[in-house]
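Working notes, beginning with the structure itself.
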Amino acid sequence: MSNSSLTLKQSGLRWLWLALLVFIADITIKLIVMDNMGYGWANRIEVLPFFNLLYVHNYGAAFSFLSDQEGWQRWLFTGIAFVVTGMLAYWMRRLPASDKWNNIAYALIIGGAVGNVFDRIVHGFVVDYLDFYWGTYHWPAFNLADSTICIGAAMIILDGFRAKKSAPSQS
């Protein structure tokens with residue numbers, strides 16, 4: 001059976017439930033943060049000696065990339081997220097559902113991307129709340145969606161190394 005003749009049930013689109021779960025968890029956490037935490041550094045909750053909960057607005061991309069710009073980046077990142085989501089969904093449609101590693105990676109990225117797009121469209125910014133630091137250095141605040149995007153991307157990169165190792169050597 002060729003990949004193009006897979007039924008929806010046989011294809012990787014079966015894994016979109018994971019993207020939906022990530023999206024729902026991300027939006028739920030962000031709503032809880034917005035409704036229950038004061039905005040900004042003064043209202044942080046110190047959890048561990050290297051970790052705070054901190055409600056901030058991110059007008060840029062992951063880890064505040066381009067957040068200091070004048071607003072054009074909101075639509076750029078929204079457009080990129082739509083293109084990437086469409087591309088990954090297309091690849092999931094062509095992959096068998098049994099290719100768990102890649103389908104999980106794609107679903108994590110899709111769920112995170114859609115969560116951040118939702119924020120950009122509804123609020124005009126992305127809600128970030130995780131603040132890790134060492135001494136006086138603080139990693140830019142981020143959220144669950146950013147985390148799942150990074151995990152999915154790391155899985156794709158790792159899969160590239162795995163695929164190279166399992167390929168037969170040519171003489």
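Cβ from N, Cα, C; glycine included.
If you look up Swiss-Prot, you'll see 15-35 (among others) marked as transmembrane segment. Beyond its flanks by at least six residues, the transmembrane segment (15-35) meets 53, 55, 89, 92, 97, 100, 103-104, 106-108, 110-112, 114-116, 118-119, 127, 129, 143-145, 148 of its own chain at Cβ-Cβ distances under 8 Å.
Among the features that Swiss-Prot reports, transmembrane segment is placed at 47-67 (among others), with the record citing sequence analysis.
The transmembrane segment annotation in Swiss-Prot covers 72-92 (among others).
Annotation comment: Swiss-Prot describes 107-127 (among others) as transmembrane segment, evidence class sequence analysis.
All protein chains shown were included, and the count of other CB atoms within 10 Å of the CB of D128 (active site) stands at 25. What Swiss-Prot lists as active site is D128 (among others).
Residues annotated as transmembrane segment in Swiss-Prot, with sequence analysis given as evidence: 141-161 (among others).
Residues or ranges marked as active site by Swiss-Prot on the basis of sequence analysis: D146 (among others). Summarising the environment of D146 (active site), the number of other Cβ atoms within 10 Å of its Cβ, over all protein chains shown, is 22.
With respect to their backbone Cα atoms, D128 (active site) and D146 (active site) stand 9 Å from each other.
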